[in-house]
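S.K.: Checked TrEMBL, it gives:
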- 11-258: domain 'Nodulin-like' (DOMAIN)
- 349-552: domain 'NFD4 C-terminal' (DOMAIN)
- 276-301: region 'Disordered' (REGION)
- 76-95: transmembrane segment (TRANSMEM)
- 107-129: transmembrane segment (TRANSMEM)
- 141-161: transmembrane segment (TRANSMEM)
- 173-195: transmembrane segment (TRANSMEM)
- 207-228: transmembrane segment (TRANSMEM)
- 240-258: transmembrane segment (TRANSMEM)
- 352-370: transmembrane segment (TRANSMEM)
- 376-399: transmembrane segment (TRANSMEM)
- 420-440: transmembrane segment (TRANSMEM)
- 446-466: transmembrane segment (TRANSMEM)
- 478-502: transmembrane segment (TRANSMEM)
- 522-548: transmembrane segment (TRANSMEM)
Amino acid sequence: MANLKAGTRPPWVGLGAAVWVQIASGNAYNFPLYSHSLKSVLGFNQHQLTMLGVANDIGENVGLLPGIACNKFPPWVILLIGSFACILGYGVLWLAVSKTVLYLPYWLLWLALCVATNSSAWLSTAVLVTNMRNFPVSRGTVAGILKGYAGLSAAVFTEIYSTILRKSSANLLMFLSFGVPILCFVMMYFVRACTPAFGEDSSEHGHFLFIQVASVVLGLYVLTTTILDPIFHFSAEVSYAILVGMVVLLMAPLAIPVKMTFCPLRINQPEIRNQQVASSDETLQGEGNADKTEPLLKSSESSTYLGSFREGDEASEVAMLLAVGEGAVKKKRRPKRGEDFKFTEAVIKADFWLLFLVYFTGVGSGVTVLNNLAQIGIAQGIHSTTILLSLFSFCNFIGRLGGGVVSEHFVRSKTVPRTLWMTCTQIIMVITYLLFASAISGTLYAATALLGICYGVQFSIMIPTVSELFGLKHFGIFYNFMSLGNPLGAFLFSGLLAGYIYDNEAAKQHGLGLITSSISCIGPSCFRLTFLILAGICGVGSVASIILTKRIWPVYQMLYGGGSFRLPQTSTY
């Protein structure tokens, strides 16, 4: 068993550090900021550019290796691997865009982009898995906060891009090559596995609320300054002052462990103490004789809480043998929904594939718009895509944060499955894509904002849902497998569909028979057919989400019937 950090403060220190790492893990969202340079400097056509966008999404979301590694190595190892991927991948792209090295082959740039954005999978997996395990009874809230900051990262990077980097793609790629790894090196020590607390803590809700409010203030701050900058043309001094303010807001979550240091709150929670005794040899040695004997009387309960995701397969087998010897169970059986599944046990479940299909249709269609956001704006007469990207990023953040908060509220108060909100947002996405296709004057910003919210909700709902249905023990693998829906959708809908249709329309406008050069398409016809197809895809996702919600409703009644999360009581322990 891993050496766990005990105490109430370390999980909040880790969450505060995780916020910074999640911002860094959003480096893949910067593709629209430098994609135009790849097209102009290297002479790519739109189809080649969209295939690079596919590479961007493949690297960001293919995280099976991080998912497996997070059960075998401590978080700092996962962060270290992600940092080196960042240096290697973005370093090659910087060499090409800055023309330091000429005539790099297209396949090498495609591969380098995969490696660069794969750093996101390593960084995100390290902090998400660690914090979901540190706060197991607040999964929706934690997932919403962390994925919310990841969604907000595009706006943060845009602020840095506009202020310090002076809107230079080469400078941005250099910053991603070295700035992100340095940040991760600093945060490695603080992101660590801690002893989880399963009791009710009256201060926990207030702490989470503080982080949520701070993140909303940060989002509004970055969005406002991004919009006002081209209007008032801020001086260098004002721009740097704005940047300092952004950094201060990013540090806000760290105020919680600081407050806990200077104003410690003593809470007498026997059941929490017993969990810590059962999970840490060091704590066991430090307790009195009465505390030493208590876990022996409640060993099966301790195994239920901590053994489900802290111990390896070998320890689980030992626990099973002990339970059989005590007469607690008669024979080993397959897990039920809500218990800890192995990957091979989960993939034969219909709910697993229904959740994958729903997530695939939602994020696969949304990432198609994100990857082509610059070209969509230009096609509709908007040449500065900075505001569009910041708007999408902020609304993406609101969707991720709000999806976690709203689903957590209704799942505790009404035992409503979280996937109901995926149904609602995908229905809205159908309407949004039809709005994009209509290209009505003045609707582009509204449609982008609406899509950003709905796109963000898919992330914050999928993450806690997969952990609730199939457990936290192998959560890293499940989460990263579900994340494959993003690059798969990008390849099918962006690479094969949107890029092909765009280049064909551009060729028609320029009277070309073949797509051989870097040409632009102007007008609503460039993406109209693409948006209509995406609307149909989200319609299918909505139907699948309704079916999934109906199937898993009894599971949520079991898990949250008492108003808060509880592990299922089974004969296994």
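Just so you know, glycine gets a Cβ as well, placed from its N, Cα and C.
Show me how these features fit into the structure around them.
M.R.: The predicted model assigns the domain 'Nodulin-like' (11-258) a mean pLDDT of 89.
Sequence-remote contacts of a segment are chain residues at least 6 beyond its ends whose Cβ falls under 8 Å from one of its Cβ atoms, and for the transmembrane segment (76-95) they are 21, 25, 27, 34, 59, 66, 69-70, 101, 104, 108-109, 112-123, 125-126, 170, 173-174, 176-178, 180-181, 184-185, 187-189, 191-192.
Outside the transmembrane segment (376-399) by six or more residues, the chain places 29, 32-33, 148-149, 151-155, 158, 162, 215-216, 219-220, 222-223, 226-227, 230, 369-370, 425, 436, 439, 444-445, 448-460, 520-524, 526-527 with a CB less than 8 A from a CB of the stretch.
Panel annotation: around the transmembrane segment (446-466), residues 128, 132, 139-140, 143-144, 147-148, 150-151, 355, 359, 362-363, 366-367, 369-370, 373, 388, 391-404, 407-408, 417-419, 421-422, 425-426, 428-429, 432-433, 435-436, 475, 478-479, 482 of the same chain, lying at least six beyond its termini, place a Cβ under 8 Å from a Cβ of the stretch.
Sequence-distant contacts of the transmembrane segment (478-502) (same chain, at least 6 residues past either end, Cβ-Cβ under 8 Å): 46-47, 49-51, 53-54, 56-64, 66-67, 121, 125, 128-129, 341, 343, 346, 355-356, 359-361, 363-365, 367-368, 371-372, 375, 462-463, 466-467, 470, 521, 526-527, 529-530, 533-534, 537.
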S.K.: So if I exclude everything within five residues of the ends of the transmembrane segment (141-161), which remaining residues of that chain have a CB under 8 angstroms from its CBs? That is, six or more out.
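M.R.: Long-range Cβ neighbours of the transmembrane segment (141-161): 15, 18-19, 22-27, 29-30, 33, 124, 127-128, 131-132, 135, 167, 172, 175, 208, 211-212, 215, 218-219, 222-223, 225-226, 242-243, 246, 250, 386, 389-390, 392-394, 396-405, 407-408, 456, 459-460, 463-464.
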S.K.: Cβ pairs under 8 Å only, please: of the recorded stretches 107-129, 207-228, 240-258, 352-370, 522-548, which one is richest in them relative to the transmembrane segment (420-440)?
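M.R.: That would be 522-548.
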